[in-house]
Amino acid sequence: MHSVPVGGSVDRSKRLKRHHSLQRAKPPRDKQKKKMASYKVEQLPSPLSVLGEGPHWDVERQSLYYNDIYGGSIHRYDYAENKTYNATIDGFPVISFIIPVKGNDRHFIIGTDRKVTLVDWDGRSEKATFVRTVGEVEPTMEDNRFNDAKVDSKGRFYGGTMRLEAKGDIFEMRLGTFYRYDAKQGKFVTLKEKIGVSNGLCWNEAGNLFYYIDSCDLDVKEYQVDANGDISGERVVIDFRVNGERPPFVPDGMTIDANGSLYVATFGGSTVYKVNSKTGKVELEIKLPCEQVTSAAFGGPNLDILYVTTAAKEFKSPQPAPAGALFAVTGLGVKGTPMYPVDLS
């Protein structure tokens, strides 16, 4: 994600009115209090990211990988050690995502500008090294970059681009594209065009339904997935607009649990919303102690810990600590679905 206007010039009373109107879908107040009291949010030992993003739980290494987009760094939180290791890669000051590569525990793909880049990292050293460029999109669109990206259960890469924040109103320009990478043919397949900010990718456990966020659309959409990995049959799961107006946040990264509920991070909203993917109802609000919540992923030995990334990047006002921290949410009573390494073969 990036820093976009999250509420325009809306005064506090109107922002609060809009926020509370989102509560229509919540359970009764007494039940909601009981639910909200059941979870615990803990700050983990990690650096404060400028723009923390892209959490990916690696089952084999029992580690959470994530990146700091504008900090130009990649990170590994080791569950057993309760410690975060950090690295940079010379020549790459902006890193959009990090995903492990199947069959090589030192190789990862990262997003660099409009390229997917292969790097080598032992998970502990302060430096990772460039290996090769896997592929590139939009070579003539210098003001675009990759944003969020993930991999499905078949090892296929999905990722999208966005316009750089300083290059105009991305809510109006919509110059991004959403892609699937075909490793066998070595090419990117276009799935959606006219994207504002490509974000929030996840699949249900069966792999036949795909959920996607274009942050500028202020909603979550569902698609059917065919055998080739192509998507169709668009359906809006939840629209966060209130009476047609922007809420005081934008939906950012997203993950899913084994029951099919979606967990939507809100940039500017201090919240991860748990959303029923069938009804579109908000079932729970998970509150974080910072405003810019960027993404989430389930992990831990039992896949029942929700890891949440955040940003310290300033937008309207300074973001004090713990903005930019990595958090663990426990006690949710659900398990996530596995995340997968990318298959480049």
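Residue positions begin at 1 at the first shown residue.
For all residues, glycine too, the Cβ spot is worked out from N, Cα and C.
Bear in mind that the values here come from a model prediction, so they are computed numbers and not experimental data.
Summarising the annotation, TrEMBL assigns active site, proton donor/acceptor to Asp252.
Taking the Cβ of Glu53 (divalent metal cation binding site) as centre and 10 Å as the limit, one finds 28 other Cβ atoms among all the protein chains shown. The divalent metal cation binding site annotation in TrEMBL covers Glu53, Asn199, Asp252.
What TrEMBL lists as substrate binding site is Arg145, Asn147, Glu165.
The annotation compositional bias 'Basic residues' is assigned in TrEMBL to 14-23.
Marked as domain 'SMP-30/Gluconolactonase/LRE-like region' by TrEMBL: 51-311.
Annotated region 'Disordered' per TrEMBL: 1-35, in sequence order.
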Would you count the other C-beta atoms found within 10 angstroms of the C-beta of Arg145 (substrate binding site) for me?
22
To the nearest whole angstrom, state the Cα distance for the pair Asp252 (active site, proton donor/acceptor) and Glu53 (divalent metal cation binding site).
10
How many neighbouring Cβ atoms, not counting its own, are there within 10 Å of the Cβ of Asn147 (substrate binding site)?
26
